[in-house]
Amino acid sequence: MIQPKSLVLALAAVSALAGGVASVSALTPQQTVSLRHANYEKMGKAMKAIGGELKSGAPNKGVVLANAKVIAAVAPQQGKLFPAGTGPSSGLKTDALPAIWTDRATFDGLNARLVTEANKFVAAAGTGDAAAIGGQMKALGGVCGECHRKFRKED
Amino acid sequence: MSATDATQPPAGKVPLWDLPTRVFHWALVALVAFSWWSGENHDMDRHRLSGYTILGLLVFRLFWGFFGSRTARFSQFLRSPGAVATYARGLFARRHTPSFGHNPMGGWSVAALLVTLFTMVGAGLFAVDVDGLESGPLSDYVSFEAGRQAAEIHEATFTVLLALIALHVLAILYYRFVLKTNLITPMVTGKAVPGEGAKIEPVRAHPLAALIGIIIAAAVAWAISRGLRF
C-alpha cells in the first residue's frame with residue numbers, strides 16, 4: 001500500500017518541521033497509530049540489518065552505525081505516540097494492550113530505557129567492535145521484548 | 001527378496017518398521033513438542049537448535065523414503081486415489097483391510113505431515129520477530145517485510161500441523177477401539193502380528209544406506225544452521 005506509507009512520511013516530515021512533540025497532538029488517532037507503527041517497523045528493520053552484519057562475522061561499522069542512529073532517532077518519539085483514545089477500545093487496528101493506559105508509569109519507564117539503551121547502542125556501534133555491538137544489541141532487544149510481553153498483543 | 005522372507009508364519013510377530021523409521025518418528029514427536037514449548041517461552045536459541053534437528057530428521061526421512069526398508073519407501077505407501085477410496089469405504093464400514101506398512105490413507109497422511117513440517121521449518125529459517133532481534137539463519141538473505149511474512153507462515157503452518165496431528169491420533173484411536181488394531185506398539189518395538197490376509201514383505205534397513213542418509217541429513221542441517229556461511 002503506497003498511500004498510508006506516503007502519508008506517514010509526510011506526517012513525519014511535518015512533525016520534524018514543527019519540532020516533533022508539539023505536532024503529535026494535532027494528529028488524528030488513526031494517524032498516531034500509523035505513525036507509531038511505522039516507527040516500530042523502522043526500528044525492527046534497522047535491528048535486523050545490524051543482526052545481519054553480526055551474522056556475517058565481520059560487521060561493517062558504517063552500516064551498523066547508520067542503523068543504530070535510526071533506532072536512536074526514532075526511539076524518543078514513541079512514548080508520546082500513545083495518547084488516550086488510541087488503544088484497542090478505539091476500534092483502530094492496533095496490537096497495543098489496554099495495560100499501557102492503566103499502568104502508564106511502567107510503560108513510560110520502559111520507553112525511557114529504550115532511549116537510554118538506544119543511545120548506548122550508537123556508542124557501541126561507533127567502536128566497531130563486534131562483541132560490544134552484540135552485547136548492547138542484547139540489552140536493547142531485552143527492553144523491546146520486555147515491553148512487548150507486557151504491553152503488546154502476542155502474535 | 002528371498003522366498004523364505006516372504007513366507008514367514010503369519011501367527012508370530014514379524015518386523016514391520018525399521019529402526020531408523022522408529023527413531024525418526026519418536027524423535028520428531030519429542031522435538032515438535034519441544035519446539036512448541038521453547039517457542040512459546042521465547043527461548044529462541046533452543047528453538048532454533050530444535051528446528052535444525054527437525055530439519056535433519058526431515059532430510060533423513062526424505063532420503064529414507066527412497067533408500068530405506070520396504071515399509072519406509074514412498075513407492076510403497078503413496079497409493080493411487082482409487083486405492084485410497086476403496087480403502088476408505090472399507091474403513092468407514094468398519095471392515096478393516098489389513099495393510100503391511102502404511103495403509104493407503106495413512107500413507108498420504110504421512111506425506112501431508114512431511115510437507116507441512118518442511119514448510120514450517122522452511123519458513124522458520126527466513127523468519128524475523130517483530131523486534132528484528134531474533135531470526136532464522138537465512139533471514140539476512142531477505143528483507144524485514146519478507147522475514148515477517150515468513151514468521152506469519154511459520155505460525156499459520158503450526159495450526160495446520162496441529163490439525164494433522166489430531167487427525168493422526170484420532171485415526172490411531174479408531175484403529176485401537178473400533179477396529180481392535182494396536183498401531184502404537186509396532187511403532188515402538190518395530191514388530192507386529194500381521195493381519196489376516198496382509199501381504200508380508202521383508203523389512204530390513206541397510207546399515208550403510210542409513211549411515212549415508214545420516215551424513216547427508218547432518219550436513220544439510222549444519223550448513224543451513226550456519227546460514228550457508230562457511
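Cβ atoms here come from the backbone N, Cα and C positions, even for glycine.
Copied from TrEMBL, the annotated features are:
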- A:C144, A:C147, A:H148: heme c binding site (BINDING)
- A:1-26: signal peptide (SIGNAL)
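Here the features listed in TrEMBL are painted onto the structure.
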{"residue": "A:C144", "record": "heme c binding site", "Cβ within 10 Å": "23"}
{"residue": "A:C147", "record": "heme c binding site", "Cβ within 10 Å": "20"}
{"residue": "A:H148", "record": "heme c binding site", "Cβ within 10 Å": "20"}
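A distance below 8 A between C-beta atoms marks A:C144, A:H148 as the binding-site residues from A:C144, A:C147, A:H148 lying next to chain B.
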